[in-house]
Amino acid sequence: MENPSSNSTDSQTPFDPNSNFNPKTPSKTNNNNNNLIPGFNSYHPSPSRSIYSDRFIPSRTSSNFALFGLPLSPKSSNTEDSNNGYTSLLRTALFGPDSGNVVNPVTPEKGVRGNGRNLKRPNCNIFRYKTETRQRLNSLLPFEFDDQIRGVSTSPVKVPRKVPKSPYKVLDAPALQDDFYLNLVDWSSQNVLAVGLGSSIYLWHASNGKVVKLCDLENDDNVTSVGWAQRGTHLAVGTSNGKVQLWDASHGKMTRTMEGHRLRVGALSWSSSQLSSGSRDKSILQRDIRAQEDYFSKLSGHKSEVCGLKWSPDRRELASGGNDNRLFVWNNHSTQPILKYCEHTAAVKAIAWSPHLHGLLASGGGTADRCIRFWNTTTNTHLSCMDTGSQVCNLVWSKNANELVSTHGYSQNQIILWRYPTMTKIATLTGHTYRVLYLAISPDGQMIVTGAGDETLRFWNVFPSPKSQNTESEIGASSLGRTQIR
């Protein structure tokens, strides 16, 4: 370590920490006191020697040279005992646990002459290069480093979520119709699955696997749509004769029948006590189940069968899709659509509102279209389009993550899990041999059920669980296997 430089080129005496040299400093004298500093004599400069009053000579008696392996002066030995614990801890943190066995490199001694004396001191490199240890920075305890200062993230690497490629349960569903325009499966908030099979409705209780037949329709009528109310105790049933029946599932009784449509009712959607029904007669009827009238408003705009209906999460907007390749958005105060989207080139049955972003709407087109499109109904803008390669039959958003599932028909008959907004495929699930026309999501948001013309219902675990819930589902291992729903 070099001595501090001065403004003069004259020779100076180097300081040796091991020597007994005690420098004297000039003392300030006055008339009353000749010894202002006890133990020091008055300083009389030699006339033949230059005085440098601004020279600084450091005192290193309190320095901890043992930390870097330097020889200690006799005065610093007491300091070593008191700081031994701290020294060991600091050395371990800086240079690793094996730093105690490292021998400090010493360069050859150099003689430095001054005042006729030959002073020798080792030239030790206190800061030196050292082979990199295998320790990570965050393992040097008890010291912790801020990520922003260090520039290295210590968070664990996220492992991609594994989505099972096989259904955890399969139900045989005889007479499940292969009709693109129907909606025959829905999952209630009470964990009960409703399925329309021909002229009958069956309920499957997911908690215990129990199957109950709710009803049989009369007069050669068939079930064309089912939809649970938000509380999960009442089920709306659309029929091929244009009627809408309301059933109390907990008691197994029909509470009322509502008319108004001339043809089959293929789409149903609830908004609190308000029920919307879409029909092959091109109209949408708005009903209040608390009122005596069958409906209080009729929405007209579609030029063909209404096959998709979904209320937004805030219950302010209703999206409808039709066989006229149109997607409309309605509000509670108008009988005409407030937004019209005509970009699809095939029937629009698949409709889903995002539960994560207000006004985000997804829609899917049929065989001639094959695209999933995203819309911002707040700004009335078309956000993006994804060509899936096959007919889009259904869409549903995850409740727990920014992901969505689409089911498809011609020609792949697959189920695809997407990550939004990048629309990267997380998983592709296969198993159905017919178009995957029906889709519903479990109340906890983790599982989906799909139905097809192959007369099977398949249950898949596709979405992540909410952070506040246990990862295990109410549908335990006892429900595994293949059974019949009737």
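The backbone N, Cα and C atoms fix where each Cβ goes, glycine too.
Sequence annotations record features per position, and here TrEMBL assigns region 'Disordered' to 1-44 (among others).
Sequence annotations record features per position, and here TrEMBL assigns compositional bias 'Polar residues' to 1-19.
The compositional bias 'Low complexity' annotation in TrEMBL covers 20-35.
What TrEMBL records for 171-460 is domain 'CDC20/Fizzy WD40'.
Here the repeat 'WD' (216-257) has, by DSSP, the following mix of helix, strand and coil residues: 0 helix, 23 strand, 19 coil. The repeat 'WD' annotation in TrEMBL covers 216-257 (among others).
Sequence-distant contacts of the repeat 'WD' (299-340), counting only residues of its own chain at least 6 positions beyond either end whose CB sits under 8 Å from a CB of the stretch, comprise 180-181, 183, 263, 266-272, 276-280, 282-286, 346-353, 355, 358-359, 361, 363, 365, 369, 375, 377, 380. The feature repeat 'WD' is assigned by TrEMBL to 299-340 (among others).
Feature annotation from TrEMBL assigns repeat 'WD' to 429-462 (among others). Secondary structure of the repeat 'WD' (429-462) per DSSP (helix as H, G, I; strand as E, B; remaining residues coil): 0 helix, 19 strand, 15 coil.
The region 'Disordered' annotation in TrEMBL covers 467-486 (among others).
Counting residue by residue with DSSP, the repeat 'WD' (299-340) contains 0 helix, 21 strand, 21 coil.
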